[in-house]
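Notes follow the structure.
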Amino acid sequence: MKNFSALYKKELAAYYHSLLSYLFIVVFLVVLSWMSWQNLFLIGQATMRDFFTLLPWFYLFLLPALTMRSWSEEKRLGTMETLLTLPISDRKAVLAKFLAGATFLGVVLLVSLPLPFTLASLGNLDWGATATSYLGAWFFGLAYLALGQWISSLTKNQIVSFLVTIVICFVFLLLGLSFFIDNGGLISKVFYFLSTLTHFQNLLKGVIDARDIIYYFSFILLFLYLNTLVLRKQRRPALKSTKALVAVALAVGINILVFPFSYRLDLTQNKQYTLSGATKNIIENLSDTVTIKVFFSDKVPQNLYALKRDVKDVVEDYRVFGKGHINVEIISPDPQTSSGDTTSEVVQYGIPAIQFNVVGSEKLEVSQGYAGLAILYKDKHESIPVIADSTNLEYDLTAKIQKMTTDNPPKIAFLSDHGTMSTTLLQKSLSDQYTVGAVTLKTEELAEYQGLIIAGPTDEFTKEDKYVLDQFVMHGGKLFVLLNGMTVDEQLGTVVPNKTGLDDLLAKYGVTVNKDVVGDFGSPEMLQFGNGLFVVQQPYPLWPRLIAEGFNLENPITSKLSALTLPWPSSLVVEASDGTTITDLAKTTKQSFAYTTLPGISPDLITTPQPDQTQAYTVAALIEGNAESFFTDKDKPAGVDESKYVSSFAQAAIFIVADSQFASDDILKNSPDNALLLMNAVDALSQENSLISIRSRNALNRPLKSIDDSQKALIKYLNIFSSVIIVVVLALGAYFIRRRQDRKAQNFYQV
């Protein structure tokens, strides 16, 4: 053990005393940090995904440079024979060199820690995903380290070792790219299995999959063993190579055996890839069996191949935690060769064949396949026609299962007249869980619904309309109002008061939508504007971007929201009456100003207020409790049936947002997380709180705090050069330690 420790320290010291090592580290960290920071402020998200996505490509040059001297130098200097005569086994000698390199690689990764700590101070960084990404980066590097040291043991030429290591590492990296694994079938699976890159993906997401860890361990141990065999062959040239072949077969065999099985540890902040307690509770208490049929073709491109594995893992979790209530069937249909039964099934469940490109014979070919699923319960069925990603798969599955297994799912109506906006995407999202319909205030259909959503009305409500709305609330209906105080015409650039006539009705319930537009200078959205021949991106205060600090963290509607963009919102004034509770759900920052008049909506027409003129404004609120009818002290419309009139209701609930565009189809196409606010409100007021936690935890928006350009530049350069400073400190420390050791040695020999 003493000899092992001595060799380990000697090898580690060689890294710290090599000027070339420090040069490569500095270049590696500076270039990687620079490229990461270039995109970070552009995307505005607290994530290190860009950093770790670039890392494998930098490893291609860093690790071969660090390993090329490992054994080649020993051979070149003639010290290999001396090493082989030392009282230390070949296995321990290989392990000592490897652990020294592993330690040095770990230090290199630790030097980059200023980046995640800075991001955590600017936004809500997912530390769990960051930790697994660092773990994955270390394992990825160790794999190339073991490979590089083995190649170094085969030659005494460092340049040859360097170049061959780059080529082989490059091959293992390329095998995971779409060009190689988009041809579908068995060859895709083999390349996917062999690539070091594909096994890195789960760790980047925050999931430690046992299959990926076993892959890296087997990869590392295989090349360490091959390295050991090279040393043994130098001692005993007659040694046969069959052991190497057995080792390769064993490593491949182990990975093939474990590949069908899944054991995952989810370290993401919201346990995003683990079934929630709400889902487990729902599927455990099913009264009958639910069958999930997954239709996923074998020949799919890279992005769908990884997705296929994720989908299988998720539905398998449903089967396990369903405790006999969930059956799972995995079907791999091929549109060209599928049997009649399979074809009729996908047609029956509304699952279309999708087209994608695969790599054929030296060209891209168009192929067809399936990537959807169907859920069957008794004589009912629901489907997810195309699974685009697995992020919201749990919510989609659980919502559909709950809807199918509930005898009378809640019914939610959208008001279709009074100039309300198009809400196709929002209605589609709600239809996964609720029965969704469209109504006018001129029909009797409204009484069939438990909730009514009024999204962006611009036409005036008559006295009769208000009576219908008022009595809907008095009879227990939940009202969801998305209403701007001002109407913005994007084409003309004009801003005028929105005269809907709802002001007095809402005031009766305790809330007023002011005739203004709120601009938030503390947290504006970044938008693109035309500037002559160019398009520039700049902050736009009239589109406030609400982040975690602006949400009510005590209310389930907003407690898990991470960000929300509100185009041209107005401010709310709330005043609770006896027996009524009004909860502020969302506010702008304290650097906000309410414009009662605006010459236009162009950025250059927005005047910047003085600091003493700004304040935080409430933009969303929830009214609960006792509500008196608007017509308590007013004449009722002529012709109404007064026998059905209700003057008050003790459990009224009204949700209001002083903005409607945040939930429009145009906005939701680019910002789907915007829908979470209204969907959570519908769940909460419909007593469906179990699904709020599932939906909200899948929101991937982790916005950075809004800071000016000078602060961005300062943060970027401080982070880049802080890593350089740390490396310089390490180099100086190693220099002085070595100098002190040399002095001790000189004093010893002088004595």
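Keep in mind that glycine also has a Cβ here, set from the backbone N, Cα and C atoms.
So that you can see what the record holds, here are the features copied from TrEMBL:
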- 269-374: domain 'DUF7088' (DOMAIN)
- 410-668: domain 'ABC-type uncharacterised transport system' (DOMAIN)
- 12-34: transmembrane segment (TRANSMEM)
- 54-72: transmembrane segment (TRANSMEM)
- 93-115: transmembrane segment (TRANSMEM)
- 127-147: transmembrane segment (TRANSMEM)
- 159-181: transmembrane segment (TRANSMEM)
- 213-232: transmembrane segment (TRANSMEM)
- 244-263: transmembrane segment (TRANSMEM)
- 717-737: transmembrane segment (TRANSMEM)
Next item on the list: Report the listed stretch (12-34, 54-72, 213-232, 244-263, 717-737) having the maximum count of Cβ pairs within less than 8 Å of the transmembrane segment (93-115).
Entry: 12-34
Margin query: Give the mean pLDDT for the domain 'ABC-type uncharacterised transport system' (410-668) on the 0 to 100 scale.
Written below: 91
Check: So which of 12-34, 213-232, 244-263 has the most C-beta pairs under 8 Å when paired with the transmembrane segment (717-737)?
Finding: 12-34
Next item on the list: Would you confirm whether the transmembrane segment (159-181) and the transmembrane segment (54-72) meet the contact rule of 3 or more C-beta pairs below 8 angstroms, pairs 6 or more apart in sequence?
Entry: yes
Notebook entry, point to check: Between 54-72, 127-147, 213-232, 244-263, who has the most Cβ pairs under 8 Å to the transmembrane segment (12-34)?
Noted result: 54-72
Item checked: Among the ranges 54-72, 127-147, 213-232, the one whose Cβ pairs under 8 Å to the transmembrane segment (244-263) are most numerous -> 213-232
